[in-house]
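Student: Let me give you the structure first, and then I'll get to my questions.
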Amino acid sequence: MAQRGQRRRAEETEEQRNSRLAIMAQRGQERRAEEADEQRNMMISSMAQSSRPDGKTRTEEQEIMIKNKCVYSVGERKKPEKQT
């Protein structure tokens, strides 16, 4: 009877460990996805800035419009950012 209790506690511990590992893996995937989004946004911003022939900087509003156009052209399904 004592062995059954120990076995049950060991199983619960293993289930908890598996759950914790699954959560950690999911967080890692989310973090990598966020990093990829940030890199893509930086690349889009850099491309947009370098495409200006006059070398002038754009306003934040212009950058948002360009970024939204680029994101949609790549096939992203994000909603456009609101302009303030």
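Using the three backbone atoms N, Cα and C, a Cβ is placed for every residue, glycine included.
Under the heading compositional bias 'Basic and acidic residues', TrEMBL lists 8-18, 28-40, 53-64. Taken from TrEMBL, the feature compositional bias 'Polar residues' covers 42-52. Summarising the annotation, TrEMBL assigns domain 'STPR' to 1-51. As annotated by TrEMBL, region 'Disordered' applies to 1-64.
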Student: Restricting to the domain 'STPR' (1-51), what is the model's mean pLDDT?
Tutor: 86
Student: Please work out the helix, strand and coil residue numbers for the compositional bias 'Basic and acidic residues' (28-40) from the DSSP assignment.
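Tutor: Computed counts for the compositional bias 'Basic and acidic residues' (28-40) are 13 helix, 0 strand, 0 coil.
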